[in-house]
Amino acid sequence: MVCTLLLLTLLYQADSHRSASCECKNCAAIICITANICIKSWLTVYLFSSSSERTSGYCIGNACFTLFRDPSTFSSAQQLCRDQNSHLMTVRTSVSSDVLTVLLGNLTGSFWIGLHRLSGCPNLSEELRGFQWVTKDTESDFVNWEPDFDYSCAAARCVSVNGDENFKWRQTPCDQPAAGFLCENSFVDPCTNLPHAAEHGYRLVGGACVDTDECTLAPCEHECTNSRGSYVCSCFKGYRVDEKDPHKCRLHCGEQMCPAECDPNNNFQCFCPDGYLLEERGGSSFCIDINECDSNYCDQECRNTYGGYVCSCKPGFKLVDEDQCREVDDEDSSTLSIPTSPTYPHPDPTRRPSAVTAGGLVGIIVSTVFIIVLAVFATHEDMHGLQRLSDSRRDKVV
């Protein structure tokens, strides 16, 4: 026997009855066995075999399965597996059965798996019918016995599979050579070791890559739509996604006048988008666009937009700090290709004054009225004081 390090690369073309859709885009898996079950199409192990052409293998989850096409009895096959720190293959699940089908493909002949009955009689009350895995247990979620099961209490029986018989489990005398055998050993799942796998919106569940529904964590302020590997936030009518934080929503008008957003439990508590003034008209609350250009926020030229404004400069000047214009000097002559007014992809303002709001204007009005009342009161008191002084002097003269 020659010890050879083999890099086994196989590609399984699924036929029409085995097609499935996988989501394992980030798990280095190119072979889909069943829906969302992707087999890793590579395996590097130390294999003891007389010929590398006789050997192939696959890894899935935490197990690797290797096919040997060396005619052997059950005991010699088990020994060859032990020499590799493995054991004959246990077919406990439908997934491992799919792996077996892939490995054997169109090969002819019988191949040993790790199921045997060394003594006693079959037990029909058990799933494995009195047989035992070579791992000395009977745990199994899958069985695939052939229909004409031998119920006799014959000598030791071992189980083999044959592609011509749809890979049904057939009990055979253990000392009768088979065309080959399959070994199984533990292996670290390559998918779990991929860096940042969880960042792509998928998670590993039993060897399968499953999309993570981020919307269950409520990341969006209004509405959330899950997608493969990601999610999208959207907003209710009258709102739009905040450019600074795509998880948040802000009031949006997009016109000169829009209905205000009012508290259904308190009609006096209404809100408007930035750059709009709350106004009552006909018993209803509306948001009216403020013409910020009337307040001379721009150094030279100003263009009002819905909810904001845009500053620009005259020829020979360039815009600085969004609202100031500076004369272009000789050092800037090489950069005259820079436009003198800002460009923007949408009609939203490049700058919104925080002071020009409904609350701000109300505060200014209240302050002005207070100052006027105070001045009138002070003038009135001064006049009364002068009158009292004049009356006092007249009384003294008399």
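Every residue gets a Cβ built from N, Cα and C, even glycine.
TrEMBL does not curate its annotations; it predicts them automatically.
Here TrEMBL flags 60-176 as domain 'C-type lectin'. Here the domain 'C-type lectin' (60-176) has, by DSSP, the following mix of helix, strand and coil residues: 23 helix, 32 strand, 62 coil.
Note: the domain 'EGF-like' (211-245) comprises 4 helix, 14 strand, 17 coil (DSSP; helix = H, G, I, strand = E, B). Taken from TrEMBL, the feature domain 'EGF-like' covers 211-245 (among others).
What TrEMBL lists as domain 'EGF-like' is 289-326 (among others).
For 330-352, the entry in TrEMBL reads region 'Disordered'.
According to TrEMBL, the signal peptide annotation covers 1-16.
According to TrEMBL, the feature transmembrane segment maps to 355-378.
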**Complete:** Reduced to three DSSP states, the domain 'EGF-like' (289-326) has 4 helix, 18 strand, 16 coil
